[in-house]
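Just below is one structure, and these are the notes that go with it.
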Amino acid sequence: MTIQWFPGHMAKARREVSEKLKLVDIIYELVDARIPLSSRNPMIEDIIGQKPRLILLTKADMADKEMTRSWIEFFEKSGQKAIAINSQAGTGLHEIVKYSNELLKEKFDRMRAKGLKKPRAIRAMIVGIPNVGKSTLINRLAKKNIAKTGNTPGVTKAQQWIKVGKELELLDTPGILWPKFEDEEVGYRLALTGAIKDTILNLQDIAVYGLKFLEAHYPERLHERYQLAEGVEVVEMFNKIGSLRGCLMGGGEVDYDKTAELIIRDIRAEKLGPLTFDFPE
Ligand SMILES: Nc1nc2c(ncn2[C@@H]2O[C@H](COP(=O)(O)OP(=O)(O)OP(=O)(O)O)[C@@H](O)[C@H]2O)c(=O)[nH]1
């Protein structure tokens, strides 16, 4: 497998995030709740230094709820606050300000002590890998306020901050980070959740990985969806799924590429239920 590390992209992203770092009080690090580890940039600590950070597990509606709880505990144990969100439905979003206030209490207390009676709103920047849900979250949080700022002449043009209620201001452009996947498994997990283009890895390899993963961790769902018996070899699974779902070639033989595409599509579309591919520790 080709090692994808995008050194050029990485350096650019790092520069951009570093430049904006001094403008904000806190970083919202978005990771995909289905792959909280694989969707992280392993250099995040290095990039943001001592800046307070809240981890937001996005697309929590698509992840295994029990696993999401374990992940939140895991982050908590390592001293990082994490919360699960669903930006489409808006769940978990009210917790963002609440926990930001907790994480920034000392800083704002210091500001108050210096005589600033009314501390300003919290300033935050969203960072995360492509497709993790940055824009969806910004749009969801900004919804009410876009109309408000539109009514103030001159404001929209110069706007660099998006107001979220009275307490929060978001930098309007998120920081894009890149996943690192020297590790094959990380690559497959990114592919199965749609974080990287299908063309980067071999389709059949991605589907095989998906089937084996499901067999190991969610066997009932796999067997039920595709009417598979237990303990069937992967090739047999492909044959069964391909014929069941009509992924056939001219001569009636199973088309493995089409079958692979279907399996990947099913997994991404939650046809096998909410799934989590990364395990804490
Ligand atoms: N189910 C679900 N889907 C989500 C959620 N948040 C985002 N999405 C979907 O995930 C896809 C990517 O979301 P974006 O907000 O465009 O992600 P992004 O990080 O801004 O992506 P880039 O612009 O590529 O950096 C879209 O199809 C969204 O609808 C969520 O909480 N739940």
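Even glycines carry a Cβ here, placed using N, Cα and C.
Those TrEMBL annotations? Automatic predictions, nothing curated.
TrEMBL names N86, S87, N131, V132, G133, K134, S135, T136 for binding GTP. Of G49, G115, G165, G175, the residue it gives for the same site is G175. Counting every protein chain shown, 13 other Cβ atoms lie within 10 Å of the Cβ of S135 (GTP binding site). DSSP assigns N86 (GTP binding site) to a strand in the three-state reduction. Taken as a whole, the domain 'CP-type G' (14-179) shows an average pLDDT of 87 in this prediction.
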